[in-house]
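Shown next, in structure tokens, is the structure this report addresses.
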Amino acid sequence: MGCVHCKEKISGKGQGGSGTGTPAHPPSQYDPDPTQLSGAFTHIPDFNNFHAAAVSPPVPFSGPGFYPCNTLQAHSSITGGGVTLFIALYDYEARTEDDLSFQKGEKFHIINNTEGDWWEARSLSSGATGYIPSNYVAPVDSIQAEEWYFGKIGRKDAERQLLCHGNCRGTFLIRESETTKGAYSLSIRDWDEAKGDHVKHYKIRKLDSGGYYITTRAQFDTIQQLVQHYIERAAGLCCRLAVPCPKGTPKLADLSVKTKDVWEIPRESLQLLQKLGNGQFGEVWMGTWNGTTKVAVKTLKPGTMSPEAFLEEAQIMKRLRHDKLVQLYAVVSEEPIYIVTEFMSQGSLLDFLKDGDGRYLKLPQLVDMAAQIAAGMAYIERMNYIHRDLRAANILVGDNLVCKIADFGLARLIEDNEYTARQGAKFPIKWTAPEAALFGKFTIKSDVWSFGILLTELVTKGRVPYPGMNNREVLEQVERGYRMQCPGGCPPSLHDVMVQCWKREPEERPTFEYLQSFLEDYFTATEPQYQPGDNQ
């Protein structure tokens, strides 16, 4: 339920639009035009025809200069029109002598924006010159500078952020439309007795003359005017707009402008502060870089992999950028190898499910975590890359149940005999597709098999797959056609997806693109009668 303060704030006249709600499970991404309440929303998405929709073609890696598109939002395209005055959206503490500390609201002249994620700027308040992260600033008086503007995030991520604990009814954000170029979407947190907390989406269309509207009866010159209008009155929306959705501090792709291109760093620049875990091939630590920046450091036992091969693979890993992948920041390539990544507060998904707050999660949260992992793997799929070791132990969890994929690509480099034998004690047989375990044929489709096993880890809160069976028995039984039965508390429709992932023929397994779509819309399209108390 929404907080009392916000309920009072939007009561009275602001409730005028509450009678215009949509049916419990609209298939459209958007609520209807608030002045056109036909109620004709009955279609359920056809997941069998998912690939008939237009999708972006795969983008292969194209050499050292390749940086794929992602949700690390920079504004390099904004400055093309001669805009040089920018405003800080967040506080930033300098990490090296080359960059500037600044406060939210501070203004800058941009001197040089050719360095990609780091721009050279001069502060108008202090006169100091240095580098600033480009995704921490926006042009003064632009829509990008507004608290409520979230840019290029998808519908599902908008819902995740709006439904975070502590947000009230009427919390809102505006984002780029996923379906209509040049249009925007307004996403609002709502509440009613039938559905509880949920999010409604309204498309903001653009007039040929340049104005904006949700309904043609109310047109505005700017998005800012539209927002102010709906702050003052619901006017057919589910409720008045109350407060902008809180924004998390953006993720940086590099430790600093210095490590952008030269990201082999000296071991002495790292301080290992707290051991977070032990693995078969090393340890994971929480630490700091340069005494300023919190990081996670994976230390590998000497002999685990060739430093030369690791450095070559790390060149590719560094270029993979997506908000559902743990960002690789830097490496120490001499043994013992150190891998420096972003820090994730809740640790591995496996530990989180078994011993952390994950023990108390219900099915909707577990399915959403699966959808996040599928989104990250769909990106890896588009990039023509392979993970090779996808399981809950290699997924990391942050605040607000954010999940990110870690250790992608590293399994290929391990030189330990107990691992490379594939049936050895250290090899994750229970997660590995039979063609990969028996013949070494690792593909994105063997990752899909592993994802099906990971789904069982989620719904069983970290139980080891194939309970009661050892590795040899699993390999033999799977080859004979055995597949795990539906775990307790798991809906049959979710088990059906697992079984699809475990098809004998790799090409018959679904794509991660499909799995992401299926899981993101799972409770709308597959389990419309689900009640929150159904899964403990």
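Glycine is treated like the rest: Cβ placed from N, Cα and C.
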Residue among K294, K298 sharing the ATP site, where Swiss-Prot lists L276, G277, N278, G279, Q280, F281, G282, E283, V284 as binders: K298
Listed in sequence order, residues not in L276, G277, N278, G279, Q280, F281, G282, E283, V284, K298 with Cβ within 8 Å of the centre of the ATP site Cβ atoms: T299
Span of L276, G277, N278, G279, Q280, F281, G282, E283, V284, K298 around ATP - largest C-alpha separation, Å: 14
Cα-to-Cα gap, Q280 (ATP binding site) vs D389 (active site, proton acceptor), nearest whole Å: 13
G282 (ATP binding site) in three-state DSSP notation: strand
Residues that sit under 8 angstroms from N278 (ATP binding site) by C-beta distance, when 6+ apart in the chain: V284
Helix, strand and coil totals (DSSP H, G, I; E, B; other) for the domain 'SH3' (81-142): 4 helix, 27 strand, 31 coil
Number of helical, extended and coil residues in the domain 'SH2' (148-245), per DSSP: 18 helix, 33 strand, 47 coil
